[in-house]
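Quick notes on the structure that follows.
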Amino acid sequence: MNWKSAGAFDDILFHQAEGIARIAINRPEVRNAFRPQTVRELMDAFHQAHMDSSVGAIILTGAGDQAFCSGGDQKVRGDDGGYHDEQGVPYLNVLDLQRQIRGLPKPVVAMVAGYAIGGGHVLHLICDLTIAADNARFGQTGPRVGSFDAGFGAGLLARTVGIKKAKEIWFLCRQYDAEEALAMGLINAVVPLAELENETVKWCKEMLQLSPTALRVLKASFNADTDGLAGIQELAGNATALYYMTPEGQEGRNAWLEKRAPDFGKFPRRP
Ligand SMILES: CC(C)(COP(=O)(O)OP(=O)(O)OC[C@H]1O[C@@H](n2cnc3c(N)ncnc32)[C@H](O)[C@@H]1OP(=O)(O)O)[C@@H](O)C(=O)NCCC(=O)NCCSC(=O)CCC(=O)c1ccccc1C(=O)O
């Protein structure tokens, strides 16, 4: 792929090519742990990829081959309820990023080489698909390092691998290799490290051949199943957008603008 830079950041790399955006956490010296700035930059890049109609699929990955992401940067974790940004403000902004990735109406694929651990493990879980290299290792560490993700990190994991396995992952803090992760349905494919990017791009290109609206509504429907009214709102927003594209929806708007009564009688009441 002839990746072209799509923006300059400090903690991440952002590239695009052939309808695919590639976002990489670029802090390999700390196994791609995220600090508040990293998360802010990730959110900026995801927003750009969301709004860019030439982008049909997004890859989230980590720089280098040792880690996808090792979670929150424990060196900036304060005693006051969060991770400190440059101004010393403590917060937990990775939760905003999790919701953003889920709500983004395009497929997001985690491309995992090396460790996907702690909050980094939750990030791959949040992505729609995960392609892993044969050196990938997965796991949660929260109960060992004094943290937990009782939101998507627990509930979505249970829906993905089953409740017994999800409890095992959180209660024992073990690590699982790529084949074990595949066997438990945590990831979609395992390939040799040298083939990781080619394989991930291949999956993205396959999706680029398919109907973007169908993929968008399907993604929202999977969220609706887990996210309650917020998920239904997302799914329903797609229905409203499609309705706006119909002559029937447009008749309502046109009648109001033309200060006349709408004529909905000309539209069939379909069985
Ligand atoms: C990932 C490891 C298994 C890799 O092991 P190894 O290859 O042997 O490398 P190391 O020598 O251990 O590490 C190399 C280098 O990187 C530094 N480093 C690694 N991980 C981190 C990290 N998470 N934070 C800061 N620095 C890190 C390490 O210190 C080394 O540097 P030195 O200078 O040599 O010291 C292993 O590294 C490992 O286990 N890492 C820790 C994994 C972990 O426990 N992560 C945190 C889990 S908690 C979390 O992620 C919170 C998520 C979150 O944000 C959240 C979620 C839900 C609700 C709220 C929140 C919230 O925001 O708090």
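Here, residue 1 is simply the first one shown, and the rest follow in order.
Note: Cβ is positioned from N, Cα and C throughout, glycine not excepted.
The substrate binding site annotation in TrEMBL covers Arg31, 70-74, Tyr83, 115-119, Thr141, Ser147, Tyr244, Lys259. Sequence-distant neighbours of Tyr244 (substrate binding site) (same chain, six or more apart, CB under 8 Å from its CB) are Gln250, listed in sequence order.
For Gly142 (hydrogencarbonate binding site), the count of additional Cβ atoms within 10 Å of its Cβ stands at 20 [all protein chains shown]. Look at TrEMBL and you will find Gln140, Thr141, Gly142 tagged as hydrogencarbonate binding site.
The site 'Important for catalysis' annotation in TrEMBL covers Tyr83 (among others). DSSP assigns Tyr83 (substrate binding site) to a strand in the three-state reduction.
In this structure, Tyr244 (substrate binding site) is part of a helix by DSSP. The feature site 'Important for catalysis' is assigned by TrEMBL to Tyr244 (among others).
Neighbouring residues of the recorded hydrogencarbonate site, listed in sequence order and excluding Gln140, Thr141, Gly142, comprise Gly71, Ile117, Gly118, His121, Gly139, Pro143, Arg144, Val145, Ser147, Phe148, Asp149, Trp170, Cys173 (Cβ within 8 Å of the Cβ centroid). According to DSSP, Ala116 (substrate binding site) is assigned to a strand segment. Under the DSSP three-state reduction, Thr141 (substrate binding site) is assigned to coil, being neither helix nor strand.
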